[in-house]
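Trainee: Sharing a structure with you now.
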């Protein structure tokens with residue numbers, strides 16, 4: 001500690017020594033530059049009653065006891081000294097005035113050590129004082145830096161050199177202080193124990209860039225070649241600043257990702273990787289990696305790096321974008337609608353980047369969006385043509401996926417114009433094709449006969465559904481000569497439609513369906529059947545009724561089956577005729593009937609080329625009249 005105006009403790013001790021006791025006072029330590037000199041201030045005292053005529057003294061080096069023969073630094077009686085001190089030591093003080101100040105010149109490192117003074121008053125009045133001074137030979141100035149230098153806060157750095165040589169005075173200058181501040185020289189100051197120092201101060205506000213800066217002080221002695229330099233590195237404390245970090249990162253799903261965070265601070269910061277408030281990794285270090293193995297879309301998001309020490313903190317974020325193919329689209333919306341309603345269907349998916357979404361129907365693009373996760377399909381007024389299977393396809397550069405969905409449009413039955421009746425020899429076949437959703441009921445009405453046949457009567461009506469089309473076929477036997485009017489009626493919960501079926505030539509229905517080869521086969525089979533029936537009729541002596549006569553209400557009867565293995569007996573024929581008569585509500589005996597046959601009477605399942613109906617139809621039975 002430097003005292004500028006306070007009276008040094010050494011001189012206080014001198015004043016208090018006037019008590020007549022043996023004692024000595026000198027600085028406990030003193031320093032000087034190599035090659036210069038040093039003056040060791042010294043005072044001693046002895047009992048007043050001794051009153052010596054002459055006072056002598058001796059300075060010893062490193063030991064206070066003469067019996068150990070320590071090197072003599074100075075001896076007033078004989079001027080005999082150790083060779084190391086020859087020409088280097090002399091007494092500056094007056095022993096008679098109890099001043100024992102010693103001057104040592106041309107200092108070298110081997111002169112550093114302890115120096116003891118022994119008072120010699122003659123005879124036995126000799127006393128070696130235990131008090132001593134330690135001489136330190138130095139060759140560098142002392143730069144004093146505060147224990148804590150914080151960036152942004154003003155500091156004072158001092159350069160202190162000993163100034164205890166009356167023959168040489170040091171001059172101080174700063175080295176490497178450019179940009180820090182201008183020095184202030186305080187000059188020569190006296191220390192507590194009577195020693196002197198030269199002091200120069202440097203005030204500045206350090207920055208983080210000044211950390212580790214090498215600051216120097218030089219002590220030069222004019223008119224000599226003696227120069228001494230000392231250096232100190234600034235340990236500037238400052239809060240962390242994140243200086244190294246990934247920019248936004250894109251990674252493909254399943255790949256490895258490594259995120260780096262590096263910070264500049266003093267002391268080292270605590271680095272922490274966090275996501276959504278959860279600590280993922282931390283360490284006290286200059287940099288910290290966060291490794292993510294086989295990343296998933298769930299790890300997509302913002303990651304934060306926090307750097308902190310006792311002087312502050314800093315944080316930065318990085319966004320990780322995990323790229324992946326679209327997930328299977330989901331479809332929400334109307335899947336069943338009534339004709340004329342507005343239909344809204346939403347197709348959505350997840351992907352990164354956002355996909356191209358497209359809705360197809362029968363390879364036709366209905367709607368598409370680019371780089372959107374949702375696609376809305378609006379059908380303002382659905383028609384039966386909108387019914388069917390749709391596909392929602394999502395794709396980006398990492399893959400493609402699709403979802404199928406069905407739109408069911410419900411509407412009233414529509415009987416198509418292709419519906420008609422056709423006569424072939426003694427058979428009338430009526431085809432009613434209905435387009436409807438949901439599936440309708442179909443009934444054939446014969447108004448002139450007061451007969452209605454429902455599709456549920458499988459013996460007489462064959463029905464087959466394909467998609468929205470329902471095809472029903474009614475077969476009438478023995479009606480080719482005078483075919484009745486046939487009305488097809490179809491109904492569901494949305495409405496009813498009826499259509500009187502027009503008649504077409506038999507060949508237009510038959511030959512178009514079975515083809516030339518089938519026609520030949522069918523013709524041969526028909527000839528065989530006709531021959532067989534003719535012979536059977538002759539045996540049974542049964543007359544045939546040709547057809548319905550105009551204007552009357554004939555009794556229409558149909559034989560249930562005709563077996564190739566043989567004709568039914570007379571009793572069985574009469575029983576069947578009576579049953580059919582009752583079904584018609586007739587009175588009296590029916591006229592003789594044509595014996596017709598059904599396809600099943602052939603005893604075998606027909607081939608596609610051996611029958612006169614369409615390829616889609618299977619077998620048919622005769623009509624049951626209500």
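Cβ coordinates are placed from backbone N, Cα and C, and glycine is handled just like the others.
Feature list, courtesy of TrEMBL:
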type	residues	note
SIGNAL	1-19	signal peptide
DOMAIN	141-175	domain 'Ig-like'
DOMAIN	239-321	domain 'Ig-like'
DOMAIN	326-408	domain 'Ig-like'
TRANSMEM	510-533	transmembrane segment
REGION	581-608	region 'Disordered'
Trainee: So how many of the residues in the domain 'Ig-like' (141-175) end up helix, strand or coil by DSSP?
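Mentor: Helix, strand, coil within the domain 'Ig-like' (141-175): 0 helix, 18 strand, 17 coil.
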Trainee: Looking only at the domain 'Ig-like' (141-175), report the model's average pLDDT.
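Mentor: Its mean pLDDT is 93.
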Trainee: For the domain 'Ig-like' (239-321), how many residues does DSSP put in helix, in strand and in coil?
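Mentor: Computed counts for the domain 'Ig-like' (239-321) are 3 helix, 59 strand, 21 coil.
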Trainee: Over the span of the domain 'Ig-like' (326-408), count residues by DSSP class, listing helix, strand and coil in order.
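Mentor: Counting residues per DSSP class in the domain 'Ig-like' (326-408), I get 3 helix, 52 strand, 28 coil.
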